[in-house]
C-alpha cells in the first residue's frame, strides 16, 4: 500500500489518544479518517469543500522556537491526514459528553435552543471551543467572527449567538449598547413593561468554563517537536505520492525533481481542484516543516512575511505592524488587514497561506490587487538561485498562471510601508457579507507631491473582471500628474468604462454589475482620498454631507434579541411541560456529537458503497454505455442498470412517471442513469467517473419559462379560479396597472445530504432501509414495488434527519429504490450518501415562478379587481409541481379581500432537473407576486405600501376566494401590534430624513402580513397513528409516524405524552420512526406533523391512562411505577395504539369551493434595511414579527421555527441564486457558489412576539402549525430593499413602478437604483451593442 517513511511514519493524537500511521494514503482527509477509521462520527460531512463548517475540529501544535502551543479550527474535509505529524486533534467527542461531563460550549448552545436538526451543531461547538481555548472571555464580535465559517439552515442563528454571548465580558461586548449588558433578552429598555416576562432560557446555573476539563497538549508531541530530526517524509498511496520535506534544501530539490508537483499547505485550492474539478496530481509536496517559509521580519521599510504563513498569522503580523509603525506608513497594512478579515471563514484563514493565495492566481483573490497596488514583491527561489519579483500585472499571466518557473517556490513576500503622502485602500464586494469569494475587488494607491493634491504616482488593480487581476492603466494615465479633483476623476471614470470591458459570456456573469462596481469602487476611493487630503489640509474642499455615508461601512453590530411569549398559567402543575420552553429533547446529544444520523450508523463487514452516474446532457438519446474501464477500477464490485431492477422500473408522482434509472433518453443534466458499487466511497466514485456514456443530442431543449410557454410544454391540469367579475372590476376601476415579477428557485441545502443504508436481512426477501426522509412509508412502498416484494418485507427506519424542508420525499424514494436494487443484486449491505454537488444536481429545489398581474384600483387605494397568471418551472418530471401550482392559487389572495379576483397557474415541463416540494410549497412565490402588486399600486398612487395593505386587508368574518369562511380577527391584531411594536410611523419619518440626507445610502422599510392555510388539502394525508408502550419499570416508549427533522416534533410529542400520562417527561423515550412500529404514515410536511401525530399520541396515552384509572383509585397515594407494576400483575395491557383521523379537508375545483385547510396561521413582519446603492449591499437593521400560533406547546421550538423560516425566506428573496449554463448544467453546486444566509445576515435587531390570548380549536392544545408560514415573512426584507431602491430612483427622477425580480441580490438592487455609474455602463453597452454573445448563465 504505502512505502515505509524515513522517520517512522506519522505520529499524532486524537482526543488525547496516540495515533501512529505507517502508511497514510495522501488522498485521505482527516474527516473520512475520523469517521471511517476511528469511528468518531460527531464530525459531519456537510459539503466537502470547507464552505459549511460542519466538519470543524481543533488542531493544536507546539512551536519549539517560541515555546507556545497554538490552537486553531480547521475544516477536517480539507485537511490531509499526511499533514498531521506532531499535531493534536480535538473533535467534539473529545471535549465533553452526556455520559461524563458536558463542556459549557456544548451545554450553552443546547440550552439556548441553538440546535434544531443538530447536524451543524458539532461544527459550531468546535469553532466556539477553539475560540475559548485562545480567548476565554471573547467579545461578541470575536464570537461571530469565529462562527462566520459555519452554516446553519434551521435556527436562523439568533439562538446560537444568544447562547454563546454568555461567554462574553460585558465590558467588551456591549460597545453598541453603552454600558448596558448585551446578554440575550437582558436589555429590555424598549420593552420595560415586560421585564418580568418569561425568558426562553435561564442563564442561571450554566456550567462555568473550567480549564482543567480541557485535554492537555501531549508532552510526547512537545518532545517530538524539540528533538525530531527534520528528514523528508514520503507516503505513497494507491495513486499518489506525498513528500513532506524537512528543510529548504530538500524542498528545492523535490521541486527540481518534480517541477509539476504543486505545493500543498492549506489545501484550500489544490484540494478543491482535485475534489471538484477532477484534477489529478501524482505527486504532492507539503513543506509544512520548512521553517524558512514561516519567518517574519519587520524592517523600517516594511515587513517580510514567509509565504507559508496562514492568513490568521498574517492578520496577527499586520495588527502588530500597524501598532508599531507611524500611522502614515500603515495604509497598505490596513488595506490588507481589511481584506483578510473577510477572506473565507476562520477555518480557511487558519490554514490558507499567503503564498498560496498569490500563486493560485485566481482572478477574484482578495489580496493580490492590494499587493499589486501596494508595491509588494516576493522572493522566488529554486536550486538555480533566488530572484525578487514584483507582484504586478506582469507577474499574473492568465487564469491560475504566474511568471514563476515550474521549479520555483515563493519563499517570502515583502509588504512595504506606505510612504509620506501616499494613500492605499482596498475594496471588495461579494454575494454574501462574509465567507464568500468576491464578485469584484480592488486595491488602489495614490502618491501625491508633498503638500499638494497633484498625483505623483497611482496604481489601480481590480479582481473579478478578467482571467486574472487587471491593472487599470488607462485610468491611471488620465489621473497621473493632475490635481485630485472632480474633473480629473470624471475623466478617469470615462476612461475606466473603456479600459475594463467584459463580454456577456464572461465567466461568472453579472457583467453590467461588475462593470458598474469598478466605477463605484473608484468613486469610493475618490471620496476617501478627498477625505485624506482634507485632513492633511492640502485641500479645503469638503466632501458633501450627502456623500459622507458613502465611505462609512454599513452597520454590523448585532444588538440584543427579544422574544415575547405567554407563560403557562399559575395553576398548571410544575411537571406538565406543555406551554413551557423545553429544550429540544436531544439537543445535548447533538451538541456532543452523540446523536446518530443515517451515515453515522456503523459499517458492517462486506458493506458496499453506491455511487450514482448521472446524465451530462440536457436532452439526448443514450446510444451506448461502456462499463469496461469502470469494472477494472480497483475495488469496484458491480454496476447497477435499469436491467437489474427486478420489478417496477419507475415511480409515479401525481400521475407522472419518473424512471429510476433511465435507459434510452435523458431529459436533464443530472438524471440518474446507472450506479457503481465498490468496497469504498472513493473506489465507487472513481468507478462512476470511468463509466463512458455516448449520447446523441436532441435539439428541442427547453430551459426557460418563455420557451415552455411558447411550445406549450405544460404538466396538466392548468388550474383556474375566480371570484366576482374581474373584467367588470377592471373596467370600473379608476386606474389599471399591469406588472410582473420573477421569483428564482431555491436549493434546500439541508445540512445532511441524501443518505441511505439498505441491509438485506438474508431470509424471506426482507430488507431493512435506514435513511434520511420525511416520508418513510413512501420509501417502503417504492422499495417494495421496485423489488417486487410485499411492503411487509421492507422496514424503513429514521432516527432523525439533518434537515429536509420538503426535499426528502419524492427523490429520496427514487434514490432509496436504486440503493435497494444494488443491495438486492449484490446480496450485501449498500450505503449511498450523496456529495453536496450531487445532491444539488439531482434533487431539484423550489420552483422558479413567473407571476404576471393586472390590477384595477381606486384613487383611495382600494383594489377593485386583480387578475394573476403564474408559471412555475417544473423541470423534466412532474414530481409535485402540479400540486405546488394548485396551492399557489389557493393562497393568491394572501391577507387581502379583493372582491374580483382571478388566478391561473400551470407547471411547465423543461429540461432542467425536476423541482419538488420546498417549505411553503408555492405559497412564498405567489404571495410575493401580490405583495409586489401592492407596492406597484402604492407607487402609482404616491402612497405608502403599508397604507394600501391595510386598506385592502380582511377585517371581519369573510369568505376566501374558494368560499371557506374564516375570522381574520387575529390577523388584524397581528397587524396592529406589529405596527405598534415596530414603531413604523416614527421610523418611516426617520427613514425619509435619512434618505434626504444621503445620496448613495438609502433606507427602506416594509411591513407584510400572511394568512397561511395549514394542513393537506387531500384529507387522507391528515391522519396519523401512534404506538405507546409502558414498561414494568414505569418507563414509556412512544412511537409515532412523524419524523424529527429539527422542527422538534419528538420534543412536542414527549410533552404531550407527559401531560396525558401525568408523568415527568424524563420517563418518556422516543427511539425512532419506523414502518415496523407505525404503518401507513403520512409525510412530515405542511406544518401538520405535530397537529396529527400529537393527537394520535394523545389518544394512545388517554387509552392507557383510562386503563390505569381503577388502579389509581384503589391506591391513590402510590407511585406511577407501583401503578404500572400492579397493572401488569392484573393483566392489564400496557400498550396502546392511538389514531387521529384528521380533518375532512377537500377542494372541489369544478365548483371552485372547498375547505382545503384546517385553519390559518397569521403573522405580520416589519423589516428595515440600509442599502448601499453603489454596490447593492444591504444590512437588515431590524426585524419585528408578531405571530399568531394559538397557544404554543413549546415557545422555544416555535420561536426557533419562526426565526429559522424567516432566515430561509430572507435567503430565498434576497441572496440565494441557482445558476445554469446555456446547456442546462447547474453551476451552483455547493456553498462556494450558492450562498445561504450566514451569521452576518441576521437582523441586527431581531424581535419576535407570539400573539397573546390566542386559541385554535382545530389543533392539539389549541396550538397552530408554524414550520412553513413564516418563511414568506423574509419577503419583508425584499420589499424593504425595494423601498430603499425606490428612494434612490426618486433621486434619479424615476417615480413609476419598476421591476425588481427575486432574489433582490446586490446585482439587481444596484442596477435598479439607476445611479450615475450604472447609467454610464448601460449607455456604453447600448452604444457598443454588436453581435449577441451568449450569456454565461440562463435567466431561469
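Every residue, even glycine, has its Cβ placed from backbone N, Cα and C.
Please treat TrEMBL annotations as automatic predictions, because they have not gone through curation.
Positions annotated as active site, proton acceptor by TrEMBL: 1268. Here TrEMBL flags 117, 120, 152, 154 as [2Fe-2S] cluster 2 binding site. As annotated by TrEMBL, FAD binding site applies to 263, 264, 265, 266, 267, 268, 269, 270, 366, 428. Summarising the annotation, TrEMBL assigns Mo-molybdopterin binding site to 774, 805, 919, 1086. If you look up TrEMBL, you'll see 921 marked as substrate binding site. Annotation source TrEMBL lists domain '2Fe-2S ferredoxin-type' at 8-95. Taken from TrEMBL, the feature domain 'FAD-binding PCMH-type' covers 235-420.
Local packing around the binding-site residues 154, 263 was summarised as the count of other Cβ atoms within 10 Å of each Cβ; on this measure the leading residue is 154. Counting only the Cα atoms, the space from residue 117 ([2Fe-2S] cluster 2 binding site) to residue 1086 (Mo-molybdopterin binding site) is about 18 angstrom.
In this structure the C-alpha atoms belonging to residue 263 (FAD binding site) and residue 120 ([2Fe-2S] cluster 2 binding site) are separated by 31 Å. Sequence-distant neighbours of residue 269 (FAD binding site): residues of the same chain at least 6 apart with a C-beta under 8 Å from its C-beta are 352, 356, 360, 362. The two recorded residues, residue 265 (FAD binding site) and residue 120 ([2Fe-2S] cluster 2 binding site), have Cα atoms 26 Å apart. Within 8 Å of the Cβ centroid of the Mo-molybdopterin site, not counting the listed residues 774, 805, 919, 1086, the chain contributes 804, 806, 807, 809, 917, 918, 921, 1045, 1084, 1085, 1267, 1268.
Comparing the binding-site residues 117, 120, 265 on other C-beta atoms within 10 angstroms of each C-beta gives the minimum for 265. Of all the recorded positions in the record (267, 805, 921, 1268), the one with the smallest CA separation from residue 152 ([2Fe-2S] cluster 2 binding site) is 805.
The shortest Cα-Cα distance from residue 154 ([2Fe-2S] cluster 2 binding site) to any of the binding-site residues (267, 366, 805) is found for 805. Sequence-distant neighbours of residue 267 (FAD binding site): residues of the same chain at least 6 apart with a C-beta under 8 Å from its C-beta are 78, 79, 80, 83, 351.
Per-residue confidence over the domain '2Fe-2S ferredoxin-type' (8-95) averages out at a pLDDT of 96.
Sequence-distant neighbours of residue 366 (FAD binding site) (same chain, 6+ apart, CB under 8 A from its CB) are 339, 340, 342, 343, 357, 426, 428, 438, 441, 463. Cβ atoms within 8 Å of the centroid of the Cβ atoms of 117, 120, 152, 154 (the [2Fe-2S] cluster 2 site) belong to the same-chain residues 115, 116, 118, 119, 121, 153, 155, 751, 802, 803, 1046, 1204, site residues excluded. In terms of DSSP helix, strand and coil, the domain '2Fe-2S ferredoxin-type' (8-95) has 14 helix, 31 strand, 43 coil. Comparing the binding-site residues 805, 921 on other C-beta atoms within 10 angstroms of each C-beta gives the minimum for 921.
Cβ neighbour count for residue 919 (Mo-molybdopterin binding site): 27 (other Cβ atoms within 10 Å of its Cβ, all protein chains included). Between the alpha carbons (Cα) of residue 919 (Mo-molybdopterin binding site) and residue 1268 (active site, proton acceptor) lies a span of roughly 6 Å. In the structure as shown, the Cβ atom of residue 152 ([2Fe-2S] cluster 2 binding site) sits within 10 Å of 31 other Cβ atoms.
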